[in-house]
Amino acid sequence: MAKSPRRVAGRRLLLPLLCLFFQGATAILFAIFVRYDQQTDAALWHGGNHSNADNEFYFRYPSFQDVHAMVFVGFGFLMVFLQRYGYSSLGFTFLLGAFALQWATLVQGFLHSFHGGHIHVGMESLINADFCAGAVLISFGAVLGKTGPAQLLLMALLEVALFGLNEFVLLCLLGVRDAGGSMTIHTFGAYFGLVLSRVLYRPHLEKSQHRQGSVYHSDLFAMIGTIFLWIFWPSFNSALTSRGDGQPRTALNTYYSLTASTLSTFALSALVGKDGRLDMVHVQNAALAGGVVVGTASEMMLTPFGALAAGCLAGAISTLGYKFFTPILESKLKIQDTCGVHNLHGMPGVLGALLGALMTGLTTHEAYGDGLQSVFPLIAEGQRSATSQAIYQLFGLSVTLLFASAGGVLGGLLLKLPFLDAPPDSQCYEDQMCWEVPGEHGYEAQEALRVEEPDTEA
């Protein structure tokens, strides 16, 4: 595996310079703008008339722990299925997540909690930043193995900014309801990544085809990610919902939807599989589609039956997408979707947005009673009818797709800059490009025996 001195020198400097520059810049911005909010500032908290039990920390922190584990353990392990890319899948998840959390705190803070010349942060800030990091990691899944760490950091820089802007437009300007992020997280992250992958299309990626598959143990590790995500998804969707009835209803709807998507995934996987055998790719991914599809509607009066029906449909669509639609994406649309984010996050996210609009249009005062204020405040206050709110929900989906597509194009053009050291076509999906790998010299000897055409740079 020959490495030119220029490439080695560039890699040695580029990633450290970007990491140190971004960390230094965010640290300066934190020093200037970021302050504790009323519930975490010692003087402000003790100056108020309340007990320690009233602090939001004790209500939000359990959900934050679950969401945090999903972002770093769930997403990270879900992407280790590639046989020679486990270090990068986990390591770059760690890197992107850490940077995205800091940058999202600033972007979301300026848009949502900036007053008195400062950004005020608390538990909700941490959860919102994790949501943003989740969207970045969804996009990472679409370009997994085909991008270097410097490219990924720049992708995160752009995506976090656009995520924050899209979220602000939907939630604050349009008054859209999206508790579990079917639109703001899953749809945005998926289509940002898919358009990015299209712009970065590699016509000679078959040179790395022998590394694109999984092996027995890599699929087992990926199932760890699946189980983590499956267990904690009710916390993900309910993390920022209201106290009282809102949070438990959101958790229940997500819980039942996940169970249904799992059963439909097993059923469809066996039905379309060779000789009726299950495909681990389907189980690892499509079983989670139930959590995505109820994201928007999870806090609404979906009913347990509605949650089961939505999850069953999402699991089926996701499984069929992996079997039939992913090959079409690559062959016809030239979108190389490494992790199949279109099947797990894209289509279920859009379906979830449509489900949310449907449930919004069916909203009645009788069904929600006094709880209407916490779920649909604009309807409760008489500013909108249920039908008009449903139209706003659909418009929010359109805005999200627009932001994601435009961002993906811009990001793709940015990541094509030649100095960013993209891996060559023959070395995609390979940890040795960036990591010290145990036993790599023996592996290099085997690789040297392969007859390959000259590399084509991205």
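Easy rule for this one: first residue shown is 1, then count along the chain.
Using the three backbone atoms N, Cα and C, a Cβ is placed for every residue, glycine included.
Keep in mind that this is a model prediction, so the values were computed, not measured.
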Recorded membrane side (Swiss-Prot) equal for Gln38 and His282: no
Ranked first among 62-82, 220-240, 252-272, 394-414 for CB pairs under 8 angstroms with the transmembrane segment (150-170): 394-414
Selection from 14-34, 220-240, 347-367, the stretch that has most Cβ pairs under 8 A to the transmembrane segment (305-325): 347-367
Per Cβ pairs under 8 Å, the stretch of 87-107, 220-240, 252-272, 283-303, 394-414 packing most closely against the transmembrane segment (347-367): 283-303
Beyond the flanks of the topological domain 'Cytoplasmic' (83-86) by at least 6 residues, Cβ under 8 Å: 144-145, 211, 213-215, 218, 221, 429-432
Count of other CB atoms lying within 10 Å of the CB belonging to Asn49 (N-linked glycosylation site): 5
The transmembrane segment (220-240) in contact with the transmembrane segment (394-414), cutoff 8 A, at least 3 CB pairs, sep 6+: no
Folded-back contacts onto the transmembrane segment (283-303), same chain, C-beta under 8 angstroms, at least six residues removed: 78, 81, 177-183, 185-186, 219, 222-223, 225-226, 229-230, 233-234, 236-238, 241-242, 246, 249-250, 253-254, 257-262, 265-266, 268-269, 310-311, 313-315, 317-319, 321-322, 339-340, 343-345, 348-349, 351-353, 355-356, 358-360, 363, 367-368, 375, 393
